[in-house]
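According to Swiss-Prot, the protein carries these features:
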- Gly72, Lys73, Ser74, Gly75, Cys76, Gly77, Lys78, Ser79: ATP binding site (BINDING)
- 40-263: domain 'ABC transporter' (DOMAIN)
Amino acid sequence: MQTALRTSLPETELASRASFAPHARVVREERVVQASGLPLSIRGLRKSFGDNEVLRGIDLHIPAGQFVAIVGKSGCGKSTLLRLIAGLDKIDAGTISLGSDVQPEDIRVMFQEPRLLPWARVLANVEVGLGRDRASKDAHARAEKALTEVGLADKRDQWPSVLSGGQKQRVALGRALVSRPRVLAFDEPLGALDALTRISMQRLLERVWRDQGFTAILVTHDVSEAVALADRVLVIEEGRIAHDVVVNAARPRERGSVELAGLEGSILSHLLSADDRT
């Protein structure tokens, strides 16, 4: 399944784990949409690239529906961890468990680059996210609903080339949401956006997460973004989880509040002290 998807659209959010295939249902159009996220359990996870050991025994449990942000300096292993969870890279050692009855479409990834098909209109780009259900009778209706959820219903017939950067990322989000994933992983999805567009997208991500209840995993360099969105913030340092911060601030959260600023300062202090030790 994973190979076929990559052939038709390389490196998109259409991620699936090879172990999902035995559980795939034959009747696709009648799949019951799950309303809640999947729990995630990781034990002893290791990954190396050549002689470089990037992940060094990660142990982690994420309850169903939780929003987790992962931060750390460049090269610490945070994006590698996300790719292993999504099934985009092979595990060297350890296990990743995602509960029972997991389907390929239950996990989606949104990247920093929207990676839209330039020869397809906006609605068709969103339909790509349906994967094997793209030929179903309700494909157009599902794609239109996803576009409405991200505020771009009026752009359905536009070409990607005429969209702004923020609008392109909204289309990419709609493409990820159209299959109603139970785990949605974000790899620096807002990194290339201007400050105001980024805040708007943060609020959109939080809203769709609260509405749909999927488990969210966000990799970001922006600590303020992490504390604004997440229930937990994990600090990765030299391939291990060095810090696990619970964010108890009430939602919707007030950006720049004393509470969030304090959490941000604590995490930044830890990251800076790690630099001082190296």
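Each residue, glycine too, has its Cβ placed from N, Cα and C.
Shown are the binding-site residues Ser74, Ser79; the one with the most C-beta atoms within 10 angstroms of its own C-beta is Ser79. Considering other CB atoms within 10 Å as the measure, the emptiest surroundings among the binding-site residues Gly72, Gly75, Gly77 are those of Gly75. Of all the binding-site residues given, namely Lys73, Lys78, the one with the smallest number of surrounding CB atoms inside 10 A is Lys73.
Packing around Cys76 (ATP binding site) is summarised by its Cβ count: 22 other Cβ atoms lie within 10 angstroms of its Cβ, all protein chains included. Mean model confidence for the domain 'ABC transporter' (40-263) is a pLDDT of 94. Other residues of the chain with a Cβ within 8 Å of the Cβ centroid of Gly72, Lys73, Ser74, Gly75, Cys76, Gly77, Lys78, Ser79, the ATP site, are Thr80, Ile236.
Ser79 (ATP binding site) falls within a helix when secondary structure is assigned with DSSP.
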